[in-house]
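A.B. asks: Sharing a structure below in structure tokens format, with a few things to ask.
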Amino acid sequence: MKAAKILIVEDESVVAWHVQEALCKLGHHVIGIATTAKEAFQVATDQQPDLVLMDICLQGSSLDGVSAAEYLYLQLDVPVVYLTAHSDEQTLRRATESSPFGYLVKPFQDAELHSTIQIALRRHQLEQAIKAVQQWYATTLISIGDATIAIDVDGFVAFMNPTAEILTGWTQEEALGAFAAQVLDLVDAVTGAAIDNPLLAALCQGDTITLPPTTLLRSRDGSKRPVGDSASPIRNRKGEIIGGVMVFQDMSDRRSGDQTLQQQNQLLEQTQGQLTAQLRERTVQLQQAIACTQLAKRVLERFATQSADQSAEGSSSPPRGLNHPHSVLPLLLQEIRQILGVEYCWAALHHTDQSFATVAYEDQGETKSEYSAIGEQIYLEHFSQFYLRLMQHQCWVDPSVEILPPLYQSFLAAQSQLLICPIEEDRRVIGEIGIVIRTQLTRATLQGELIAQAVSQAAIALYQAHRYQVAQAQIEELHRLNVLKDEFIYALSRELRTPLTNMRMAVEMVQRIAQMLKASGFQAISPEATDALWSKLDRYVQILQQEWQDECELVNDLLDFQSTATLAHLLPSHSVYLQQWLPDLVKRFQEQARRHQQFLNGWVADDLPAIAVHAPSLDRILTELLNNACQFTPSGHEIKVSAQALGGQIELSVGNTGTDISIAEQAQIFEPFYRGASDGRGRSGFGLGLALVKRLAIALKGHIRVESEANATRFILTLPLVRNLS
């Protein structure tokens, strides 16, 4: 390897001189000696060294060697080898977390210096080559003219080029991670039936799958177009299937008519050999690209240590203990079994007080056993020697059988090994993952510590993904609540302003009439004009009274809504005979229904006993429901109110025909400040009525729900059947 330009960062001049002398003997060129991090940054920026020898402890510098090394590598892409006189565990751990290219403990021999420099320079050269290869293959895939989709071994989309985005209607960002059948929606042009996804079929059968000639691709917007070509599995160098790829084209022009189709078929027959060769060549390119990408990832993971400390800081914690989401640990166990080829693996979670562990999940693979360990418990204090190591964030690689809990001993078969890793959350151990490995996979091959690290990193990644989902859900919920708040403030200001505006107008008109009467002294106005003025005055006074009443009801609704939940336990019960009470309530709305040309009927079961309930709250609930029914029911349709005993409860319902409520709106209709669509008379709800109904129902220890289908809607209030104790 040719001589390298090397920068020495060392605050001890004698040591720096010796290192410089050794480097010169080895044939390298020393471009400078820096004593501080700032000086090192300046020299590295100006001279662009091939390698930096960095002392971890820099006296008189605001940054130590580890921080300086991270900056040099991340910002200037310069590899760093540490020099230090300290070899304690803490220093080693901190240095290795920064992904160094080498580590030399002073004093060191020239041979050690030479080999460390050669390895560091070679590793940096390999990393640069890998990055270039990855970029080349990515550019090749994007540049392919045909639509191309690649999936992983589980059937989830891993790549999509721009042509595939156009044909499917999915962007690559939306499609990545989606299931192949969701993105590639294929149907038969003759029958309209769904066609088995060729990508998934290629994975299962391990062979190339050609699309039927009558295949249509249904785009995301619902449009359909004929497509053709095939899908093939992607294999690594061992012949193992690691994914699938499909290359397809838009066949619309080829199937525009029978004559055109025949001509195209003849052309296809003539060029079939060329297309097949081209497809195979592209498939080989994709296989090589994906294989190289995976190989590059493995090489980088072997050289680089990973830390999740920074990503874990500031993120919300996922649910603990037995409430872990099913999408985390089961998926992790499945991946462990498939990738490592283990016999059996399980996950046990600790109780919040760390008193016992419970087996929460297991993966038995294809050899399903009738016995399941899920739910089995282990008391930690009885096996302190075993759990002490796990609590210290260390793994067990083939531990002694004597220290294992009996349950874990039963998992071991003849000629097998055991690997147990702690499950960590926020630097705390909350459980363990166990893996049973056959002896054919020797310890040298398995590298238990490496597997343990991979399992730990995978668990951290899955937990972080779950935390991200939780955070996203919270953000969406906050956004939804903020929208409701803005709508409420807007609606409240409008509802409060409208009556005030009408009252101001009425007051101004009354003032004008008063001025006219005062100016005339009641002498120059005819009796007819006087009657007209008094009629106008009476009408304006009615407007004032009505608008004041509306304003008062709005304020009362707001106060009632806020106070209902607080005063629920103070509501006294009254004896209510629904056979008498409900018909009286219905009569109050007969005139309103008649004006709207609606048919209002009531029915009460004869066998209902008197119930104990807070009558004003019940009256308010049914009044609100009947008001809404009269407001939103079209003319010529029926409104029905009923009461009956059902399953030890009282069920009161208010239903109408002629309207229905969508499923999406049913989920929001009882939320505070939610405003549905306006009725046919130009009015819309303020958003408090049904929310108040829900709170009153809860205060009465009942439940309110809505059912709507086939042009009919029914609100059902369920109350406990509490008989009158008097």
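A Cβ is built for glycine as well, from the same backbone N, Cα and C atoms used for every other residue.
Automatic prediction, not curation, is the source of TrEMBL annotations.
Sharing the feature lines straight out of TrEMBL:
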{"type": "DOMAIN", "residues": "5-121", "note": "domain 'Response regulatory'"}
{"type": "DOMAIN", "residues": "133-187", "note": "domain 'PAS'"}
{"type": "DOMAIN", "residues": "210-263", "note": "domain 'PAC'"}
{"type": "DOMAIN", "residues": "491-723", "note": "domain 'Histidine kinase'"}
{"type": "MOD_RES", "residues": "Asp55", "note": "4-aspartylphosphate"}
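Looking at the shown structure, can you explain where the listed features end up?
C.D. replies: Per-residue confidence over the domain 'PAS' (133-187) averages 86 (mean pLDDT, predicted model).
Neighbour density for Asp55 (4-aspartylphosphate): within 10 A of its CB lie 25 other CB atoms from the protein chains shown. The DSSP secondary structure for Asp55 (4-aspartylphosphate) is strand.
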A.B. asks: Can you count helix, strand and coil residues in the domain 'PAS' (133-187) using DSSP?
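C.D. replies: The composition, in the requested order, is 26 helix, 15 strand, 14 coil.
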A.B. asks: In the domain 'Response regulatory' (5-121), how many residues does DSSP call helix, how many strand, and how many coil?
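C.D. replies: Counts, helix then strand then coil: 56 helix, 25 strand, 36 coil.
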